[in-house]
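Here the structure comes first, spelled out in structure tokens, and everything after it is commentary.
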């Protein structure tokens, strides 16, 4: 390496770093020096500059390799057979290969890490500051039924604006934001848009009924979240929603009294229906054949009904609050009930009112979906102790908790979004980490034997088995 070097460093008082031959005086700057005469400070600065230059070269090389690999993946998606596989991943089909889903989740998380390293900080802030636009634009296209107008196939903006009765310029602006973020697909050559796996689920007749979330998130949840700053202040016990509405009532009671609970109940019911298939296929419920499974806090009954349909020899029961009981009786035990086909295996005497903070109906097996995240640790422990006291010991005895497990990374973002959602709406609302779930189990007479992420669903199946009952349980 040429040992005549000119250094661009304010402390060293040389204007630039260049390789220079002995005796040269490039650009009229100070003469080159011989490295043998450099001070320790000068040598460290020279070394640092070469390291920076070397690091930039390595980063550039790595990024170019990554770019090549990503382009290859994008090209792969265009092959007919591969396109179907990628579409299945996008739909979160419960029958997808778990190994493929696991690899996809790792790639998504890594891609997100790389994005955070490369993306300018102001763009990261912009996503948060202007995030309301995504919600409101999505709500607008749902209200205008744009996904339904595209049900028969792609349309140009001119065609779509005519069929939907919208302004073409503003329709283009809104859809541009959405299709660049994975909702709808755009073809530049024909200047047309079509439904993709995400926008397809927003159609009014789609079985998941995801469209119901658009209105609730853009209005009710958006309003409730405005109470966050005050609710985060030290000493405040109200939830953000209670702060915003200035009430001590629970959100369910408040919305019921104000006539807006129906919309929220429909929204929650849609979420349950959309995720039930993954909850059924993702855990070995068949191990409970010929036994009775009680759904504690069974809500709309969709989970136990789905399990009874999937396992013909399973018996079922539901315990929920007196307020919910009329809805459950209508769902199972009226001539036109939507779950009438399984009513004989969940008779009226096993659809009961109760309070699991007080006591629980005896059974060999229990399932709880989206219940414990509404309670603080003390209350959750009380519920788990009550179930432990009531469980009938047998080879199949267990409690399956269907709740989110907090996780970092892009793939795990639903657990964090859910964490904020229950915190906003419930006074003690919180999701928990795997460590927290294991601690709750250990101090209430349970052992977590497995935690399984369910396909196409937000929660995991946390399998708890009764252990030797400690004195304090």
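Just so it is clear, glycine is given a Cβ too, placed from its N, Cα and C backbone atoms.
In the three-state DSSP scheme, residue 354 (S-adenosyl-L-methionine binding site) falls into the coil class. When other Cβ atoms within 10 Å of the Cβ of residue 354 (S-adenosyl-L-methionine binding site) are tallied across all protein chains shown, the result is 17. The annotation S-adenosyl-L-methionine binding site is assigned in Swiss-Prot to 320, 354, 355, 356.
Sequence annotations record features per position, and here Swiss-Prot assigns active site, proton acceptor to 373 based on sequence analysis. Residue 373 (active site, proton acceptor) falls within a helix when secondary structure is assigned with DSSP. Counting Cβ atoms from all protein chains shown, residue 373 (active site, proton acceptor) has 21 others lying within 10 Å of its own Cβ.
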Integer Cα-Cα distance in angstrom, residue 320 (S-adenosyl-L-methionine binding site) to residue 373 (active site, proton acceptor): 16
Among 320, 355, which are binding-site residues, the residue with the most C-beta atoms within 10 angstroms of its C-beta: 320
C-alpha spacing of residue 355 (S-adenosyl-L-methionine binding site) relative to residue 373 (active site, proton acceptor), in angstrom: 16
Maximal Cα-Cα distance (Å) across residues annotated as binding S-adenosyl-L-methionine, namely 320, 354, 355, 356: 8
Which same-chain residues, if any, lie at least 6 apart from residue 356 (S-adenosyl-L-methionine binding site) yet have Cβ under 8 Å of it: 296, 297, 319, 371, 383, 386, 387
Structural state of residue 320 (S-adenosyl-L-methionine binding site), classified by DSSP into three states: strand
